[in-house]
Every structure is written in structure tokens, then in C-alpha cells.
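So that you can see what the record holds, here are the features copied from TrEMBL:
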- Asp296: active site (ACT_SITE)
- Gln107, Lys123, Glu144, Ala227, Thr228, Met229, Leu230, Glu301, Asp316: ATP binding site (BINDING)
- Glu144, Asp316: Mn(2+) binding site (BINDING)
- 191-406: domain 'FAM20 C-terminal' (DOMAIN)
Amino acid sequence: MISLEELFKHPLYNLPRPALQEDDWLLRLKTDAELILSYRQSASEEEGYDKTSWTTDKETHPPWLRFHLGISRRELYDRKDLNLAQLTHYLATERILGAVQKKGGTQLKLLVSFPNYGQALLKPMRQSRDAETDVNLFYFSDFERHNAEIAGFHLDRVLGFNRIPPVVGRLINVTTEIRDITTDERLSRTFFTSPAGNVCFYGQCEYYCSTENPVCGRPHVLEVSLATMLPDLSLAPRRSWRSPWRRSYSRTKLAQWEKDSAYCDTVKKTPPYNHGTRLVDLIDMAVLDFLMSNMDRHHYETFEEFGNDTFLLHLDNGRAFGRHSQDEPSILAPLAQCCRIRRSTLLRLRLLSHPDFRLSDVMRESLAQDPLTAVAPLLSEPHLSALDRRLATVLGVVQTCQDTNTDVVYNDLDQYEDQQLEDDS
């Protein structure tokens with residue numbers, strides 16, 4: 001078995017690319033002074049923030065700000081950037097100054113604040129890692145999982161996408177790091193002590209926010225995932241796109257793509273899927289979702305600054321990794337119906353099916369870097385094995401497409417022959 005470090009040394013993860021231009025950076029259009037002022041205006045000290053201790057000198061920038069400044073048209077972060085480890089360490093160890101419930105969405109999540117205006121999206125542990133989703137539950141009726149958010153980030157990075165904001169696990173004290181410091185009165189009113197003596201809360205949301213579905217410490221300690229927040233919408237507006245392969249979210253109705261085998265022919269003629277890379281970007285996302293069994297991808301987002309010429313943000317992965325004993329082939333509908341895949345994606349998938357770079361092995365090693373691994377592995381062995389099984393399924397679908405179609409692979413590596421990129425695999 002070859003290590004994760006060796007995987008990332010492979011030519012497929014180190015392809016030379018054109019230098020980024022000024023307009024390829026999300027926030028470089030502002031001067032540093034304007035940026036500092038903007039962050040100060042978008043966050044309030046009344047919400048628990050410390051006064052800023054950073055200046056225009058980049059050496060003083062906290063890691064979350066360096067992450068924001070590193071977002072480009074091409075990807076959310078450069079995998080080789082040393083700031084990535086500093087950022088996850090910051091989220092895992094920095095003092096929590098405040099916690100309020102995040103508005104929107106169907107389930108409970110909190111917005112936590114750190115010194116220097118840092119923020120993260122907190123999702124609490126709702127069930128054990130080994131608890132499989134009940135087979136009688138619909139995809140929209142399941143709890144979100146904190147470990148799925150963490151594992152989703154690692155899988156996205158292993159696949160070479162770099163489109164999920166960094167996520168890290170942490171043990172927090174429900175009493176001192178949420179209840180005692182929150183300024184959210186609606187959240188505060190939902191705290192109680194259970195008959196077992198555990199400190200619990202349930203918040204207010206559309207689903208599962210009730211005394212029957214509380215989040216509880218043991219008696220105060222709680223596992224959570226912390227996802228790095230993207231730049232404020234006032235600084236970097238995002239556009240939300242409805243996925244063409246969105247599910248019906250009905251117990252009785254099917255979506256159009258589930259009834260029409262030629263559905264992709266219509267999508268291919270519809271902007272923005274009729275030109276550029278948007279269709280293969282969406283298929284990248286479908287591959288990611290199938291590997292982690294996420295059926296809940298109804299929308300996706302892009303940064304408005306970059307128009308249609310940019311990557312898709314792979315956000316909100318809490319409903320992934322629900323079942324390891326069962327796969328959901330319908331998640332691969334974009335790939336199976338369109339028979340199109342990016343060449344760099346296909347070559348990396350083939351590499352990760354090789355015994356020396358087996359996906360389950362590199363994921364196990366990658367997840368071992370997360371602090372919560374000290375409590376228990378973030379993905380159980382059956383979930384890791386399922387990744388290998390599903391990867392073989394993806395490659396099988398591609399092969400079926402190639403057996404019946406001539407234009408399956410979108411060549412984003414036209415200057416390379418396959419042999420050049422596979423010699424070391």
C-alpha cells in the first residue's frame with residue numbers, strides 16, 4: 001500500500017496549469033485595506049467577536065482569511081498550501097467566542113465565532129457512526145451526520161476536486177461553549193438537562209428540532225463538525241442553481257429525469273450546460289455523491305464573480321454515508337444518461353482503483369488526520385469498503401458508455417497521452 005503522500009505526488013495530482021491572472025482571484029479585486037474594512041462591517045463585536053489583531057501585512061492574517069484570499073476561479077484551495085493544516089488546527093483548537101443558530105435549512109446547525117472574525121458552521125453529532133439509515137426512511141427524512149461532513153471534505157480532496165470548504169471534527173463543551181455564551185435567545189430557551197443528567201438542546205428548525213430529538217452532551221461533551229465559512233455574501237455573492245437531476249422530494253412522484261431515459265439530451269441544449277465545462281462539473285459532483293451515497297443534492301452554488309467559467313461548490317454533505325450495505329445507482333444518472341466524464345477525473349478514479357492507491361486505504365489515512373479519530377474512526381470499515389465497491393461501479397458505468405458511444409471523455413488534458421499519466425500508477 002502506498003501512502004496518501006505518495007498519491008499526492010502522482011503526476012495526476014501535479015498537472016502544470018496556466019498561471020492565474022488578476023481576475024481569477026475571488027477577493028483580489030479589493031485592496032487589503034478595503035478587505036479589512038469589509039470584514040469589520042460584515043461582523044459585529046456585539047456577537048462576541050474580539051477586536052481584530054490583523055493588518056494589511058499578510059503575515060498577520062488569520063488562517064481563515066488566508067483561505068478566503070486563496071479562492072480562485074479554478075478551485076477553493078490549493079492542496080499544497082500549508083495554510084490548510086493551519087486552518088483546520090485553528091478550527092479544532094481556537095477559543096469559541098459565540099454560537100447562534102444558523103438560519104435556513106431543515107435541520108439544526110450553529111454559526112460559531114472565533115477571534116479575529118473567524119466563523120464556522122457547526123453540525124452536532126446526532127447518531128453513532130455505525131448507525132445505518134433505516135431502509136424505510138426516504139432520503140429527505142434522515143438526520144444529517146457530522147462525520148459525513150468531515151469525510152466528504154476528505155473524499156473531495158482525495159478525488160482532486162478541492163471544492164468543499166475545509167471541515168474538521170472537534171469535541172466541545174455544550175455548556176461553556178454554547179449555552180453559556182450564546183446571544184441567541186431562541187436557542188437558549190431550548191436547553192435542558194435530561195433525566196440522565198446530560199445537557200441537551202434542540203433549537204428551532206423545520207425538522208428534528210424538538211424535545212423528542214435533542215442534541216445532548218455526555219454529560220457536557222459533544223462531537224461536532226466545523227466547516228470553514230465562505231466569504232460573506234456581501235463580499236463574494238454566490239448564485240444558487242437548481243440541479244437538473246434534483247429529486248422530486250415527494251413520497252409518490254418521480255422527477256422527470258427518472259421517467260425519461262433521453263433526459264440528458266434536453267439538458268445538453270439548456271444553458272449553462274450547452275457549452276463550457278458545466279455538464280462535466282455536474283458529473284464530477286454526481287460521482288462524489290455516489291461514492292458517499294448522498295441523495296440530497298437538490299441545488300449547487302457558484303461564485304457570481306466568475307460567471308459560468310468556474311467550479312461548482314460541493315456544499316452541505318451531511319446526509320452522506322447513511323448506508324454502507326446498499327448503493328443508490330440513481331445518483332449516477334447524470335453520468336449514465338449523458339455518458340460524459342472529464343478525462344482528469346476518469347484517470348484519477350482509475351488510479352484510486354489500483355491496489356497500491358486503493359480509495360479505502362487513502363481515505364482511512366486521510367481521515368486519521370482528524371482530531372475525532374482519537375475517539376473513534378470517522379468512517380467504519382464497512383463504509384470504507386463501500387467506497388471501493390462504488391468506485392468499481394462508476395468505472396463500470398463509464399465502460400458501458402464507452403462500449404456504446406464514441407465521445408464519452410471530455411479531454412481537459414489534451415497535451416498528455418494516457419501513458420504519460422499512468423506510468424507511475
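Cβ atoms are placed via backbone N, Cα and C, with glycine included.
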Students should find that the Cα atoms of Glu144 (ATP binding site) and Asp296 (active site) sit apart, in Å rounded to an integer, by 10
Return only the integer: C-alpha distance in Å from Gln107 (ATP binding site) to Asp296 (active site). 13
Could you give the mean pLDDT over the domain 'FAM20 C-terminal' (191-406), rounded to a whole number? 95
Of all the binding-site residues given, Gln107, Asp316, which has the fewest Cβ neighbours within 10 Å once its own Cβ is left out? Gln107
Max pairwise CA distance, angstrom, over record-listed ATP binders Gln107, Lys123, Glu144, Ala227, Thr228, Met229, Leu230, Glu301, Asp316: 20
Near Leu230 (ATP binding site), which residues of its chain come within a Cβ-Cβ distance under 8 Å, counting only those 6 or more away in sequence? His68, Ile71, Pro165, Ala236, Arg238, Leu313
Whole-Å Cα distance, the residue listed as 'active site' to Asp316 (ATP binding site), is 9
Those recorded positions listed as Glu144, Asp296, and which of them has the most Cβ atoms within 10 Å of its own Cβ: Glu144
